[in-house]
Amino acid sequence: MHQVYTGTQIREAEQPLLAAGAGPQLMHQAAWGLAQGVIELLHEHQLAVPGARITGLIGAGNNGGDGLWALSFLARRGAHITAICTAERVHPEGAAAFRAAGGRFLSGPETADYARAEVVIDAVLGTGARGAWEGHPVPEGALVVACDIPSGVSADTGQVSGQAITADLTVTFGGLKVGLFNGAGAAHSGNIKLVDIGLGPHLPAPELQLLSPTDIPELLPPAAPHAHKYTRGVLGVLAGSTKYPGAASLVCAGALATGVGMIRFLTQTEHAEPLTTLVLGAHPEVVPATDPTERVQAWLVGSGLSDSDHRVEQAKQVLTLTQQQQLPAVIDADGLKLIEPATTQPRVLTPHAGEAAALLNRLGAGSDDATQNQRVDRANVEADPLAAAQKLAELTGDVIVLKGPHTIICGPDAGPGQRFIYPGGHPFLATAGSGDTLAGIIAAVLTGWAEADAAPPLAAQAAAGVWLHGAASYAVAAGGPFGASQLAAGVRTVVAELL
Ligand SMILES: NC(=O)C1=CN([C@@H]2O[C@H](COP(=O)(O)OP(=O)(O)OC[C@H]3O[C@@H](n4cnc5c(N)ncnc54)[C@H](OP(=O)(O)O)[C@@H]3O)[C@@H](O)[C@H]2O)[C@@H](O)CC1
Ligand SMILES: [K+]
């Protein structure tokens, strides 16, 4: 498990060390790690360090200081180092070390040299940045290494209000920052390398957690040796419609590959119908059901539902039932249009940005602050998905899985096991039906834990499902582009490797 902090939390953790006079030492550690990051990147690109043309973009504060010290370390390895100051002030000790190492500050016509840089170290703004940044051009083809956080990206939120640097690599100090993973920041950060500068004992509870493969086995329901299908868990599924028949099969495929005792599929009508035939054709083990009150341990409602009157009525009925029985439920897609907030029921909502915006508007999210009566749109959610997920979790009392390039999983409470980020599956995962499979996977995890004595927090269960879905995408993508119906095979591979 990796911990992710806001920039403000990292700054606060530095304070006791700065007060004890450890500032220069922290900066040297940070700069050393930054220089190592540059060297590794050069090697990855089959470029030699001796003679490499490396230019630092240097701001007024300690971020600039880190950049100057890193350049001086790189000069010792034979790199050709130059720097451009973007402000009138510059970190004095850093500048002295840079000059002593043979570094040259470019000014006036010399800045033309900048166009030949092979590597640019972005050390303009770090955690001390405030408001919008006007930006600075980067030579075409240069590799860009951001110092701590790409300049222009908020370390607290990932928001970019003016211009921002886009890095190939960000070397970040003391702790991973929310801004590297959330919203626009994720697209600017490139690969991320964490350098430990000894803040450990001073760090607070993290804002977010990133799951590692070793965290997953204990978050997936155990397969007990003497289990039978009912103890393992029965999942009720209300998914698919005449308009989106495939969703029902994809949901069932995701759930079966993750592992459930049984699936009861709520049919559209009492009579044999094409939707049920399709589901049973793909998964003969699924049991069709016409009565939603038959016993299940958890429900999945909404994937591919469409707005057909009959299917919507069925969904309303099942949602009420799950509330009365306090059953775990995953609510996906059109099911999200039907939920009412503030229940104590263990529920997981799985919106994408557009659905999250619609739900926030329906629940009146804009009405309690300066944005009064202003409608939330998809772009607002995409700019700060963590804030949107937190707001939704607060308004509904549910666990929110906000799907996107980086998926946020957010429970209604703060604290451990409540907030996670999954930094994206394989790009091929952006395909129709991928969300249906995800809903099935999460629902299977909830089903398996539904009657267990010591289950992980609901948000952690959902986060494990998101992780499984992402890992499955890499397993399947090894064989080339894929459609969602092939994802379940990847889920089985990943689960088999884990258990
Ligand atoms: N603390 C430590 O010992 C350690 C810190 N470390 C490093 O220090 C970094 C934090 O350093 P920091 O606090 O000096 O702030 P930093 O990000 O360099 O920028 C502040 C300067 O930028 C300016 N400025 C602000 N916004 C702006 C804008 N929008 N557009 C333009 N200018 C803007 C602002 O100028 P002002 O407006 O105040 O004149 C101010 O001078 C941190 O990220 C890490 O890299 C590590 O070495 C470990 C040890
Ligand atoms: K920076």
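Every residue gets a Cβ built from N, Cα and C, even glycine.
Automatic prediction, not curation, is the source of TrEMBL annotations.
Just one of G417, G433, G435, G440 is listed by TrEMBL for the same AMP site as K403, G404, P405, H406, T407, and that one is G435. Among the candidates D168, D196, D413, D436, the one that TrEMBL lists alongside A247, G304, H352 as binding (6S)-NADPHX is D436. Highest Cβ count within 10 Å among the binding-site residues H352, K403, H406: K403.
In the three-state DSSP classification, H406 (AMP binding site) falls within coil. The two recorded residues H406 (AMP binding site) and H352 ((6S)-NADPHX binding site) have their Cα atoms spaced 11 Å from each other. DSSP classifies G304 ((6S)-NADPHX binding site) as coil under the three-state reduction. It is G404 that, of the binding-site residues G404, P405, has its Cβ surrounded by the most other Cβ atoms within 10 Å. Taking the Cα atom of each, P405 (AMP binding site) and H352 ((6S)-NADPHX binding site) are about 10 angstrom apart.
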